[in-house]
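Read through the structure below, which is laid out as C-alpha cells, and then see the notes.
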Amino acid sequence: MRRFYRKPFSVPLLNRPHCSSQSHCLYKNGDFLSDDSKCSPLSSSRTSVRWVFNSSSLPPPEWIEPFNDVSDLVKSNRNLLPSPWVSQILNLLDGSASMESNLDGFCRKFLIKLSPNFVSFVLKSDEIREKPDIAWSFFCWSRKQKKYTHNLECYVSLVDVLALAKDVDRIRFVSSEIKKFEFPMTVSAANALIKSFGKLGMVEELLWVWRKMKENGIEPTLYTYNFLMNGLVSAMFVDSAERVFEVMESGRIKPDIVTYNTMIKGYCKAGQTQKAMEKLRDMETRGHEADKITYMTMIQACYADSDFGSCVALYQEMDEKGIQVPPHAFSLVIGGLCKEGKLNEGYTVFENMIRKGSKPNVAIYTVLIDGYAKSGSVEDAIRLLHRMIDEGFKPDVVTYSVVVNGLCKNGRVEEALDYFHTCRFDGLAINSMFYSSLIDGLGKAGRVDEAERLFEEMSEKGCTRDSYCYNALIDAFTKHRKVDEAIALFKRMEEEEGCDQTVYTYTILLSGMFKEHRNEEALKLWDMMIDKGITPTAACFRALSTGLCLSGKVARACKILDELAPMGVILDAACEDMINTLCKAGRIKEACKLADGITERGREVPGRIRTVMINALRKVGKADLAMKLMHSKIGIGYERMGSVKRRVKFTTLLETCFDS
C-alpha cells in the first residue's frame, strides 16, 4: 500500500520566541532546537520531531496582570488567586548574575511584558520583601521594558522593601523620583509612605507626603496620624509630634492607645520622663487603659533616670491590673532594687515572677546574682548560681564574671580562678571585664606576677585590653612599690594600645608616686593630665593634696586648688580632706591655717572640720586643748558677742590654748 505524507503547514506561534537567523527551527517535546546539517527532516517520523515555520510578523507582546481577568465568570474579584505568571517570575528572581538576562529570555519566549500592577505585586510578595537588592534589581530591570512606566504603587512597594532594610540612600533616590513624576497621591500610597518614612525618621520626606495629602484633598486617618507621629518621634522632633497630638485632641479623629504610647515614647527619648508620666495619667483620665507597651516604656525611662522607686511602683500597677509583665521589665525592676541595696525586695519580686508562671531567664538571674555579689553576700550569689544551673539554665560569661568580681573583692581569689577555669572548659569567651576582676583580685592579694601573666594572656587570646584592665595592673604595681613598672605600663597604654588614660589611671599613679616620695614626677604627671583636658575628681585631688601635705607643701596644694576654680572644678571637700590629712599627721597648726583660709575666702567652715581637729588633738594627747576647742564659742569660724558676729581665727584660738 502506498503511504502518503501530509505536508506540514506554517503556523505562527503566539507563545514562542522568533528565530532571528533562521526561517524555521525544530520543535521537540516542547523545546526549540537549532536547525543545522545534523538535523534531518527524514528522522521526524521516528523521533516525533516536526518542522515549525514561523511567520515573519509575530503579534506584539501582551501585558500581563497579577490576577487573571475572570470578571465574566465571578461577580467579585476578592480572594482571587495570583496568575501563574507570578510564581514563574518569582522563580527567576534568584539574585544571580544572569537574573536579568533570564527575565529577558523568558519574556521574549512567551511574548509577555510585565505591567506596573504586576511589578508592584511582585515587590509586595513575601519572597521579595526581605531581599532588598533583588527588589532593586527587578525594579530597575522592569523599567527597561518598551513603553513601560512605573506607577506610584511600584515606587511605594519598593520603598516598603527598602525601609525594612533601612536602606536610606536608595529610599531618598526613589523619593526624588516620586516627586519628579508628580503622581497624584492616593490614601493607600500616603499611608504606606508615611509608615516607611516614619520608621526611619525621614522627616523631610514625611512632611512632603503630608503636604501632598492636603493638596489632593486626602483626609488623614488615625493610621496616618499615628505613623506621622512615630516618624517625628523617631527623628526626635518631639515638639512637632506634640503639636500633631494637640491637633488630634481638638479634631474629629481622637488619639488612641497607640497615639498615647508614641507620645510617651517621645517624651522618654527626650529625657522628659516627668511629662511622660503626666501623659500616662492623662491617658487614664480620658478612658484609655495603659497597656504592656506603655508600662514597659515608662519602666525603661525611670530605670535610665535611676528612679528605681517609680520602676517598682509601675511594676506594682501592672501586677494589680493583671497586665502581663515581660521578662525585661522584671529584670529592670529587680536590677533597680538591687542597686538601691534592697536585695530582699528584689528577691521577692523574683519569687513573685516564678509564682505567676513567668519563667526567669539568664539575664534576670545575673542581675540578682550581681546584686548579692556587690553587696558582699557572695555566698547568696553562689547559691543562686547553683539554683540557676539546677533549673536548667546555662550561665553565660557575664553571669560568671559578676560572681568572680564578688569573690575577688572579698579576697577569695582561688575560688574565682576555679570559675575562670570552668568557663574555659565550657568554651566560653572570657571578656575583658572578667580578666580585669581577676587581675585586680590577684594584685590585691600580692600575686602581682600572676596578674601580669594574666594580663599578657589577654593579648594572646585576642581579648581587647581596656582601661579597666590597665588600671587594675597599674594599681597592683603601685601597691607593691613597683612604680617604674607602673609608669612603663602607663606609657604603653597610650602609645602601643591606644587605650584611653582615664582620671582613675592618673589617680592610681599619683598616689603611687607620692608614696615613693617621687613628688616632682607626680606634679609633672598632674600637669600632663590637666593639659590633656582631663578633669580631676575629688579622689584625684585627694591623692595629690595628701602627698603634698605630708611632704610639707601645703601652700603648693592650696595654690593648685585655687587654679582649679577658673576651670569650673569646685571641690567642696578638698580643704576638709587636706585638714584631715594634716591632723592625722599631727600637724595641727598647719591644719588651723588651712581652716582660717576657708573663712578668709568668705566661706563658712563645716562643723565636721572642727570635729576632725578635736579628734586629732585628743589622739596626740592634747585632751585639754580638744575640750577647750569643743566648748569654745567658735562654732564654724565665727564668735558671737550678743548680736555681733565676729570672725575668729583657728590659729589664734590654738595659740591661746597653748599659752594657757
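A Cβ is built for glycine as well, from the same backbone N, Cα and C atoms used for every other residue.
The transit peptide annotation in Swiss-Prot covers 1-12.
Within the chain, the repeat 'PPR 1' (151-185) has long-range Cβ neighbours (under 8 A, six or more residues past its boundaries) at 116-117, 119-120, 123-124, 128-132, 135-136, 139, 142, 192-193, 195-197, 199-200, 202, 205, 208-209, 212-213, 215-216, 218. The repeat 'PPR 1' annotation in Swiss-Prot covers 151-185.
According to Swiss-Prot, the repeat 'PPR 2' annotation covers 186-220. Remote same-chain partners of the repeat 'PPR 2' (186-220), defined as residues 6 or more beyond its termini with a Cβ less than 8 Å from a stretch Cβ, comprise 152-153, 156, 159-160, 162-163, 166, 168, 171-172, 175, 179, 227-228, 230-232, 234-237, 240, 253.
For 221-255, the entry in Swiss-Prot reads repeat 'PPR 3'. Residues 187, 190-191, 194-195, 197-203, 206, 210, 213, 262-263, 265-267, 269-270, 272, 288 of the same chain lie 6+ residues outside the repeat 'PPR 3' (221-255) yet bring a C-beta within less than 8 angstroms of a C-beta in it.
Swiss-Prot lists 291-325 with the feature repeat 'PPR 5'. With DSSP classes pooled into helix, strand and coil, the tally for the repeat 'PPR 5' (291-325) is 27 helix, 0 strand, 8 coil.
Through the fold, the repeat 'PPR 6' (326-360) approaches residues 292, 295-296, 299-300, 303, 306, 308, 311-312, 315, 318-319, 367-368, 370-372, 374-375, 377, 380, 393 of its own chain, all at least 6 residues removed from its boundaries and within a Cβ separation under 8 Å. Marked as repeat 'PPR 6' by Swiss-Prot: 326-360.
According to Swiss-Prot, the repeat 'PPR 7' annotation covers 361-395. Long-range contacts of the repeat 'PPR 7' (361-395) within the same chain: residues 327-328, 330-331, 334-335, 337-339, 341, 343, 346-347, 350, 353, 402-403, 405-407, 409-410, 412, each at least 6 residues beyond the stretch ends and with a Cβ under 8 Å from a Cβ of the stretch.
The DSSP breakdown of the repeat 'PPR 8' (396-430) into helical (H, G, I), extended (E, B) and coil residues amounts to 26 helix, 0 strand, 9 coil. According to Swiss-Prot, the feature repeat 'PPR 8' maps to 396-430.
Using a Cβ-Cβ cut-off under 8 Å and counting only residues 6 or more beyond its ends in the same chain, the repeat 'PPR 9' (431-465) has close neighbours at 397-398, 400-401, 404-405, 407-409, 411, 413, 416-417, 420, 423, 471-473, 475-477, 479-480, 482, 497, 499. What Swiss-Prot lists as repeat 'PPR 9' is 431-465.
Residues or ranges marked as repeat 'PPR 10' in Swiss-Prot: 466-496. Taking Cβ pairs closer than 8 Å, the repeat 'PPR 10' (466-496) reaches residues 432-433, 435-437, 439-440, 442-444, 446, 448, 451-452, 455, 458, 502, 504-505, 508-509, 511-513, 515-516, 518 in its own chain, all 6 or more past its ends.
Across the residues of the repeat 'PPR 11' (502-536), the predicted structure has a mean pLDDT of 92. Marked as repeat 'PPR 11' by Swiss-Prot: 502-536.
For 574-605, the entry in Swiss-Prot reads repeat 'PPR 13'.
Among the features that Swiss-Prot reports, repeat 'PPR 14' is placed at 606-640.
Note on the repeat 'PPR 3' (221-255): DSSP counts are 26 helix, 0 strand, 9 coil. Each residue in the repeat 'PPR 10' (466-496) gets a DSSP state, and the totals come to 26 helix, 0 strand, 5 coil.
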